[in-house]
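Visitor: Pulled these features from Swiss-Prot for this protein:
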DOMAIN    41-243  domain 'TLC'
TRANSMEM  6-26  transmembrane segment
TRANSMEM  50-70  transmembrane segment
TRANSMEM  84-104  transmembrane segment
TRANSMEM  110-130  transmembrane segment
TRANSMEM  169-189  transmembrane segment
TRANSMEM  210-230  transmembrane segment
């Protein structure tokens, strides 16, 4: 691994930690009235999710830029120049280390086995990208999934502030979350795996070596299984929110009808 990537990983780790400890509390208290009323355990969760949103926007938008404009990576997905991809992956690795430390320090209130599995699988695969510079296209492609994170976090923010599930903002965010999550984590699976199988049955795959082959395929399978599980949970939640909204409208309609038909 080049020293540039080491510095970026370390800087990312420290930067996100400072954002969690110093920046998020100030921003949240100034722009959100309900922030100061949250219990300590929810304050930590709030700050961590704001950091998560910032990371997702940085990495997700950088990922799209690389997909659109980095011809070297797009033309050679296995051995293309990984310069920009390694920078993006290094930012993500720093964030993942920060988040794992945060989960370990607050396991009783924030611990989640799925997130730990997700982070470890990602670090395992991204380690080869940083050290060997291989598979830049596929590493960057996986980061598209981060674009769904802001909507997931926003749902939690609404719940923490006690917004009713039938509130228009909650419903709109829930629908947007389900749609974006499906597009960037589920709908991309067929083209991604089509590209993967195109590489597997070529001499290029053999040149990678067994260790990289295993790291690449197993981590992708694990991440996609987790994404399918999360998609199922999100779809169920979105369905409940939409049906709850419809039931609320029907109830209001019945009340209005009863009032209009009332005679003294």
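Any Cβ shown, glycine's included, is placed from N, Cα and C.
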Visitor: Restricting to CB pairs under 8 Å, which listed stretch, 6-26, 50-70, 84-104, 110-130, 169-189, is in contact most with the transmembrane segment (210-230)?
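Guide: Stretch with maximum Cβ contacts: 110-130.
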Visitor: Suppose you look only at the domain 'TLC' (41-243); what would the mean pLDDT be?
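Guide: Value for the domain 'TLC' (41-243), mean pLDDT as a whole number: 90.
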